[in-house]
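Pulled from TrEMBL, these are the features on record:
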TRANSMEM  15-38  transmembrane segment
TRANSMEM  50-68  transmembrane segment
TRANSMEM  80-100  transmembrane segment
TRANSMEM  112-136  transmembrane segment
TRANSMEM  143-163  transmembrane segment
TRANSMEM  175-196  transmembrane segment
TRANSMEM  208-233  transmembrane segment
TRANSMEM  253-273  transmembrane segment
TRANSMEM  278-299  transmembrane segment
TRANSMEM  305-323  transmembrane segment
Amino acid sequence: MEVEAQLSSITRKALLVLSCVILSIGHCGGPLVMRLYFVRGGERMWFSSWLETAGWPLILVPLIITYMHRRTKHGSHAKLFFMKPPLFVASAVIGVLTALDDYLYAYGVAKLPVSTIALIIASQLAFTAAFAFLLVKQMFTSYSVNAIFLLSIGAGVLALHTSSDRPANESNKEYYLGFFTTLAAAALYGFILPLVELTYKKAKQAITYSLVMEIQMVMCFFATVFCTVGMLVNNDFQRGKRYELGEAKYYLVVVWNGIMWQCFYLGAIGVIFCASSLLAGIVLAVLLPVTEILAVIFFHEKFQAEKGVSLALSLWGFVYFYGEIQDSKKKKNPTPETELPQTVNP
C-alpha cells in the first residue's frame, strides 16, 4: 500500500523559497524581455501573448523525472498522472482566463515603459486581496484596507501624469489604452491567483507538487491554444518588418520570453501551493523596486517624481500587508479544516 507522508515543515519552506526565487526571475525578467521585443521592432500582440505560456512543454521535464522516481519506488503501480477530470476542467477554464490576461498585459507592454507597467501591476495586490476575501474567505483587516487604498492612490498618480513618460510617436489615446489594459490585466490576474487557491481547496484529492505542475501544464496548454486561435484570426504568424537586432537575436529574444514567463507561472502556483495566493501577490509587490531599477538600467527609462510617489505609496501599501501577515500569525492558529491536504508525492 502506498504511504503518503505529511509534507515536512523544512521541505515546505525549501519549496517555498525555491518557488519565490523562480517567481522573482520570471516577474523581473519577463517584462524586460517582452519590452525588448517591442522596442526593437516587434509588433505582434497575439504572438507575444502566446509566448507567455508557450513554454509549457518545459514542465514535462520535471514531471518525467518525478514519474521515473515513482517508478523506482512503486514499479508498474506508479501513476502517470494524478489529475482527475473535474480538476482538469477547472484548470482548462483558468487557462483561458490566463490567455485573456496575457493579451491585456502584452498590449500594455507594447505601449508603456516597463517602469510604468510595474507600478500599475502593483495594484494587483489590492485586487488579489479583494478576490481572496470573496473566493477563499481571506478576511479584511485595517491593514489590508489601508494597503488597498494606498495601492489605488499610487495607480491614480500615474494615471494623472501621462505626458512625461509617453513613448515617442505614441498618442495620448494609445497611452491611456495601454494604461487601462495593464490595469485590467492586474485585476484579472488578481482574480486568477485566488481562483487557483480555491481550485486547490475544492479538489477532491490530495494536492501534491506533482499535481501542481500538472495543473500548471494544463493551464498553459489551454492558454496557448486560445492565443493560437487569436493568432490565426488576426493573421499574426508573419514576423513583420525587419527586427533591429537581427534574425539570430530575434529568435533568442523569443525563446527567452517563453522561458521567463514559464518561470513566472510555475513560481506563482508554487507559492500558492506552499502558502497562499495573497503571499504570491505580496512577493510580486516586493519585487517592484527591482523591476523599476532594471528598467532604468537596461532601457534608460526616466524615473520622474510621480513614479517616485507611486513607488513610495506601493511600498507603503506592502508594509501594511506585511503587518497583516505578522498580526495574523499571532492571533490565529491554522485548523485542519482550513489547511490544504498537502502530501509528498513527487
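Quick reminder: no glycine exception, Cβ is built from N, Cα and C everywhere.
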Outside the transmembrane segment (253-273), six or more residues from its ends: residues with CB under 8 Å to it: 15-16, 18-27, 29-30, 33-34, 36-37, 40, 42, 48, 51-56, 58-59, 98, 193, 196-197, 200, 207, 209, 212-213, 215-216, 219-220, 245, 279-280, 283, 340, 342
Of 15-38, 50-68, 175-196, whichever stretch has the most CB pairs under 8 A to the transmembrane segment (208-233): 50-68
Proximity verdict for the transmembrane segment (278-299) and the transmembrane segment (50-68), three or more C-beta pairs under 8 Å: no
Recorded stretch, among 50-68, 80-100, 112-136, maximising Cβ pairs under 8 Å relative to the transmembrane segment (15-38): 112-136
